[in-house]
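This report refers to the structure that appears directly beneath it.
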């Protein structure tokens, strides 16, 4: 079946306008971005093929330029467009967190942290510095490590928190293995940071561990 033979309400753009973006499948959303198919495949068929070939929509989005462009129907122009869309999405999430509002949505915070850390190949330790009303003052990647570990120094965290005049912190780091379950080392360093920051009356509100498509909150586990 070609797109021309589909009823209007089944066309991705028309379906989005009538029912909203949530009603569309991953392939239909990607089809709107791609706009055209290739010889022998309409744009929806091409989108479905690409998602299956890459393994998921996320893996397609995180592919390198070389990996992306070697697929039929894709090229450098589409790669540039996609990177621009992803960067705008990340900036939107960052702006939402930094616009001066208090952090009241753990899910939104988790979504932003995941967008920053999820696809990094090396472990990185990320901090949101907050004021006494839990508004974001500053965010930083403070430490980066090897593929499986980052050296986190409590003295440096305290120093940066005092520099930003922070009243509270939210911590996050990624597991490049993709497994979000916190290790005993993760729990130990979190406890050391809680104790060190407590000496200067700065609280840790949460520590998120970001994996592949999942994340774990220390606060939700009752560990903070």
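Just so you know, glycine gets a Cβ as well, placed from its N, Cα and C.
Annotated features in Swiss-Prot:
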DOMAIN    102-224  domain 'MPN'
MOTIF     173-186  motif 'JAMM motif'
BINDING   173, 175, 186  Zn(2+) binding site
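Distribution of Swiss-Prot features across the structure.
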{"residue": "173", "record": "Zn(2+) binding site", "Cβ within 10 Å": "27"}
{"residue": "175", "record": "Zn(2+) binding site", "Cβ within 10 Å": "23"}
{"residue": "186", "record": "Zn(2+) binding site", "Cβ within 10 Å": "19"}
What are the helix, strand and coil residue counts for the domain 'MPN' (102-224) according to DSSP?
41 helix, 36 strand, 46 coil
